[in-house]
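Going by TrEMBL, these are the annotated features:
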- 77-95: transmembrane segment (TRANSMEM)
- 136-274: domain 'Peptidase S54 rhomboid' (DOMAIN)
- 145-169: transmembrane segment (TRANSMEM)
- 181-202: transmembrane segment (TRANSMEM)
- 208-225: transmembrane segment (TRANSMEM)
- 237-253: transmembrane segment (TRANSMEM)
- 259-276: transmembrane segment (TRANSMEM)
- 283-305: transmembrane segment (TRANSMEM)
Amino acid sequence: METTNNGQQDAGPTTTCFKHSRRATSVRCTRCDRFICPDCMREAPVGFRCPECIRSESKTVRAATTVFGGQLSSRPYVTYTLIAITIIVYLVELADPGVVGRFSNLGIGLVGPDGGHFLDDGVNRLGFTQEGVAYGQWERLLTSAFLHLSPSSGVFSIAHILLNMYWLWLLGRILEEQLGWWRFLAVYLVCALGGSVLGFLVDPAQSAVGASGAIFGLASCYFVIASRMSQQPIDRHRLITMLVIWMVISAGFTSWQGHLGGLLTGGLLGAALAYAPRQHRLAVHVSVFTATTFALLVTTGLQAANLTT
């Protein structure tokens, strides 16, 4: 600005707003240097900016992320969605109990003429059809994670789904906040896959259902990444001790293979999430998740070939 003889500052040349040509102004946007009228002024740390610059900045500002690369969010929508899907599927089981037999994690079996399910002893029987992962029904490896014991099984079936959903709610909210929605969803699904694949390897004739493999995977993942968290909402040593004790106690009446498979898979993924170099974090995460999934699918293919030849 210029100074007049009487010591007062002159406002300088006056022109019109770049957007409203009939409005006189002498104020410029501090970013693009265009003239802006009072209606176009947006307060900035220094001076004012035009609406276009404000919009441009909002698009280029990166969202805050956690130490694991997840974008901070206020609601664990994926956790709630997984719980909702599982509950809806359980209600479907009430209407059609046959859903459990069709989509459980069964490696090899037979369906009789009346729709009953039988062990596959390798003998061809008239009217019987083969079923299971070994015969191409690979979707069972994941669909079984959204099924639980049929409601007709009694009180234990209700306890089964309630306990799993409680742990999903407890661990899911923490992990989704720390990992971001897509990393959390990937951990859940790959751990479910890991539990199912180990069950298929060890006891292919067993029909297994439940989210326990995925839940054990979430717990194992949390145990590993909690060492990098400034605060631990759940004591990781106590958590993993509880789950290991439960896995041993329940081995006689649940699929311990699913629990162990999920536990091992979650630990592997957790290590990749926690210790990947910051500058290569995304590449490491995607590579490890992809390689783990590929290895599980190849293992499934080899076991299927072994059972059917």
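From the backbone N, Cα and C atoms, a Cβ is placed for every residue, glycine too.
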Please work out whether the transmembrane segment (77-95) lies in contact with the transmembrane segment (237-253), by counting C-beta pairs under 8 angstroms that are 6 or more apart in sequence and asking whether there are at least 3.
no
Please figure out which one of 145-169, 181-202, 208-225, 237-253 racks up the most CB pairs under 8 Å against the transmembrane segment (259-276).
208-225
Against which stretches of its own chain does the transmembrane segment (181-202) lie, if we need a Cβ under 8 Å and a gap of at least six residues from its ends?
68-70, 73, 77-79, 82, 105, 107, 133-134, 140-142, 144-145, 172, 175, 208, 211-214, 216-218, 220-221, 255, 257-262, 264-266, 269-270, 273, 285, 289, 292-293, 296, 299-300, 303
